[in-house]
């Protein structure tokens, strides 16, 4: 007979094997390729090359993803707050019905829509012009960094808002109502009473969004021109144009480090909270 | 006993079926239109003349990355008995690598239509000797597309274009080098125009010191880029031309004509090949060394490169320039279809200003110097 312990091991073995074969093995492989020459000796030259050619894109990627996270957070707080504390049933009902839609639309489809929506003579500007809100000559194209951020925020906000609204629904409403009774505005109740209680959830959602946005290839490729662009596009280009896996893997390691940075900030905060409580 | 009989007959059927129903796998690197060309046009035609054969068309994606995927597959199956692909349609850069690594079969002497091929690119693919291994499926060419209403006299040379862009900011658009080959072709044309000896880049030999001589040209390109729009992709340039957001930009000639035929570009768009010229490239039909259906693959390519198919499929239906010498198409094509292909770019333009891409090491140097000096 198998002992309880052995049985547990058998049960997790398939999962463990999948993680090892499909994630750990390629990860180690790409790490090795990023740090070695073809003859197998250790080198940092791929990182030097990555820095020389793509330093601007590294900064661009971080700025884009951070800015998108901040805007996503703001939009998600507004939506989740309205859903929790809103008093007009029409607004709450409509928002509830609508806000989750982008969740079901893949990044590539969103990018394709934005490509015609945000263009200089695209749907958005044409609508403004035909409504008389804008002169045709003052129309500008948003198909650059702004387009990438807009697509990311549009796509990630429902995900963050969904988690946040769930967390808000489960906190003790008495504290919120006490705040309201004492005359605090809804915005103040949201920011000072509700939000601190759901901060861990918000952070988890944002860290997940951060990592997701960091890994998207289709949006920067389709929405914006390639100068500057995000690291995913550079990695694809390294492989497709030069067959150069080493530098692509070096860029991959840089991406790991960026996403590890986000994870560390999150973990640190968690530990601080445990220490204080 | 009965079950055993049934099992045996099923096994026998399964063993025999490859003989009666053969499958020819055709892998195509390229845009969807090329995959469709095999799937909807060539495949059914071949199946009709070869009863019992099924043609399966697989697309591996546009651009050099599509060819890279075919290369990786053949390379991975090198040690095996047979490859999954029987016919591959590949780009120039990958063709050189595959021939060097022995992944392709020398087959053109078995295919009669190879005698009708006259272009240099059938022998020399970006500096690699590929004669015997490939037959061009078609020739494609890049050129500047412009809106004739916004731009009455298009620039005749790259130098004129440079001045024009400085006077008309944000009216020229191209897709950089990471968004598709039309942008790469423009950058290559720029280096041909301002970077010195373009013949050496096309014919070799390779000298790693040459790239230093492009510094001035690339510095000017960086300044030029401040006055232009970087578009998202080959289709992005055409989209922006269509919406009137830019007045001129580099495009693939076949895409241009197809979009115009579909009504996705207004009829006032025209093409111009600015001097000293812009590059074009062929796609190649090749046969993997380890295919199990070599004979069938050769017959498929013979059909695909026959004058009638080149006239109807390549020129008339898809607006590419033929892969075999154009004189073989005489009489197979009506005058209107022929004229359409040469309305804006005359055959004389094409022979003087339709260049090749540089040999592979220079090609990589141009791309990487651009990343270093212009983009970052």
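Note that Cβ sites are derived from N, Cα and C of the backbone, with glycine treated the same way.
Taken verbatim from TrEMBL:
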| type | residues | note |
| --- | --- | --- |
| DOMAIN | A:58-266 | domain 'ABC transmembrane type-1' |
| TRANSMEM | A:58-85 | transmembrane segment |
| TRANSMEM | A:97-118 | transmembrane segment |
| TRANSMEM | A:159-176 | transmembrane segment |
| TRANSMEM | A:197-225 | transmembrane segment |
| TRANSMEM | A:245-267 | transmembrane segment |
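Contact between the transmembrane segment (A:245-267) and the transmembrane segment (A:58-85) is supported by 3 or more Cβ pairs under 8 Å, counting only residues 6 or more apart in sequence. Beyond its flanks by at least six residues, the transmembrane segment (A:159-176) meets 72-73, 75-77, 79-81, 83-85, 99-100, 103, 189, 193-194, 197-198, 201-202, 204-206, 208-209 of its own chain at Cβ-Cβ distances under 8 Å. Packing against the transmembrane segment (A:97-118) from elsewhere in the chain are residues 79, 83, 124, 141-143, 146-147, 150-151, 154-155, 157-159, 161-162, 216, 218-219, 221-223: each is 6 or more residues past its ends and has a CB under 8 Å from a CB in it. Within the chain carrying the transmembrane segment (A:58-85), a Cβ under 8 angstroms from the stretch's Cβ atoms is held by residues 50-51, 91-92, 95-96, 99, 145, 148-149, 152-153, 156-158, 160-161, 164-165, 168-169, 176, 186-187, 189-190, 194-195, 202, 205-206, 209-210, 213-214, 228-231, 254-255, 258, all 6 or more beyond its ends.
Sequence-distant neighbours of the transmembrane segment (A:197-225) (same chain, 6+ residues past either end, Cβ-Cβ under 8 Å): 61, 64-66, 68-69, 72-73, 76-77, 107-108, 110-112, 114-115, 118, 143-145, 147-148, 151-152, 156, 159-160, 163-164, 166-168, 171, 175, 231-233, 236, 255, 258-259, 262-263, 265-266, 269-270, 273.
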